[in-house]
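*Asks:* Once you've had a glance at the structure underneath, I'll fire off some questions.
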Amino acid sequence: MLKIIIPTIMLLPLTFLSPHKHLWTNTTTHSLLIASISLQWLVPTYYPTKYLTPWTSIDQISSPLLVLSCWLLPLMLMASQNHLEQEPTIRKRIFITTLILAQPFVLLAFSASELMLFYIAFEATLIPTLILITRWGNQPERLNAGVYLLFYTLASSLPLLITILHLHNQIGTLYFPMLKLSHPTSPPSWTSLMSSLALLLAFMVKAPLYGLHLWLPKAHVEAPIAGSMLLAALLLKLGGYGIMRITLLVNPSSNNLHYPFITLALWGALMTSAICLRQIDLKSLIAYSSVSHMGLVIAATMIQTQWAFAGAMILMIAHGLTSSMLFCLANTNYERTHSRILLLTRGIQPLLPLMAIWWLLANLTNMALPPTINLMAELTIMITLFNWSSFTIILTGTAILLTASYTLYMLMMTQRGVLPSHITSIQNSTTREHLLMTLHMIPMILLILKPELISGIPM
């Protein structure tokens, strides 16, 4: 564990000491090296926890998410290179520092073996994202978005802290490998109901559940590209991962707590897909689509069967890569036209023909076309939900239909149509952008060949 965390922290002096000419090269290369070392976590073992130290334990659920978070740091650095071009060097260094600071906290949160450490890391990721949004956003509304993000997260996670302390009093330990063996169950009472609700609610806000999702479109629209990628690909997964971990302590089906959550998640997938169909803002559309995908993840984690957990894990990884790629594509359009409105940036395909291929590929993976891991995940989750109650096929089927329609709507609006008159000349797409899209796409295409790596089932 330390051989990843210490190099990640050592990226900070590298940022401040490397000369201006080599700043981006150094940080990107070294974070790519760290990402390649982190692939060792995917090695299958017979043991339930692969690397067990007193404060971290990596098992089948957390290793794919850890590798994903290591993989995304160089991609975030590559994506933010262009819009920082005009800034003085010291501001570039501070921006990279903010990005790198988020990384150890995310790694800690995904690998902590102790509930209290998990809570601290879970909350600490908020600070760098808040700085990213409120300092490097594009519009003055970014302050409003930062306030939304801060207060949604804080209001939901204070009950979580109190419940964690209460649990520590009751059980006497919060060590995950220990809890897996002991399976502490609380007798059905008002206290247990309230505590399990408090434990689940914090992660439901982070994940986000429909109804608690209002901070997400705001934060995504106002954040710079690196902030959007970090938010969509990693911080949303903290919510799903937390639910998977916490259902060990709280059995929601014992006091019928899973009904409202599954209903809200599926209904929310339907509603946000319908909202996507009438969005005019490109980044807002992608943000709402990630709410609908994470709704499926929440519904699956509430059922708690092997199949459901496998489907939720695969969907989290697939969604992390897909939505991150879509945000990068939206950002390439935004940097050229300085507008996120779909009506003002249509018909880009004749101007950037190579980018149109990436748009097509990203939209097809978002639609869950075979052979992508998105399809495997969505099918697994649909089968699980259908097994739990056959009525859910109506909701999930309509949601998938709507997903396909808004994805095609996004593709048609950005690539086809009459070119608006105000776009006269546009910069060519750079090699950096093509490399960025390729690095998003390669894992998505290759993972379907061996999905056991990310399915969360001990091999």
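Just so it is clear, glycine is given a Cβ too, placed from its N, Cα and C backbone atoms.
Pulled from TrEMBL, these are the listed features:
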type	residues	note
DOMAIN	1-108	domain 'NADH:ubiquinone oxidoreductase chain 4 N-terminal'
DOMAIN	112-402	domain 'NADH:quinone oxidoreductase/Mrp antiporter transmembrane'
TRANSMEM	145-168	transmembrane segment
TRANSMEM	188-209	transmembrane segment
TRANSMEM	221-239	transmembrane segment
TRANSMEM	259-278	transmembrane segment
TRANSMEM	285-303	transmembrane segment
TRANSMEM	309-329	transmembrane segment
TRANSMEM	341-361	transmembrane segment
TRANSMEM	381-412	transmembrane segment
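What does the local environment look like for each feature on the list?
*Replies:* Sorting each residue of the domain 'NADH:ubiquinone oxidoreductase chain 4 N-terminal' (1-108) by its DSSP state yields 77 helix, 8 strand, 23 coil.
Same-chain residues lying 6 or more positions outside the transmembrane segment (145-168) and placing a CB less than 8 Å from one of its CB atoms are 115-116, 119, 122-123, 126, 129-130, 133-134, 137, 174, 195, 198-199, 201-202, 204-206, 212, 214-215, 218-219, 221-223, 249.
Residues 200, 204, 209-211, 213, 252, 285, 288-289, 291-293, 295-296, 298-299, 302-303, 385, 392, 395-396, 398-399, 402-403, 405-406, 409 of the same chain, all 6+ positions outside the transmembrane segment (259-278), place their C-beta atoms under 8 angstroms from a C-beta of that stretch.
If one looks beyond the transmembrane segment (341-361) by at least 6 residues along the same chain, the residues whose Cβ comes under 8 Å of a Cβ in the stretch are 279-282, 285, 325, 329, 332-333, 410-411, 413-420, 422-423, 426, 428-429, 433-434, 437, 441.
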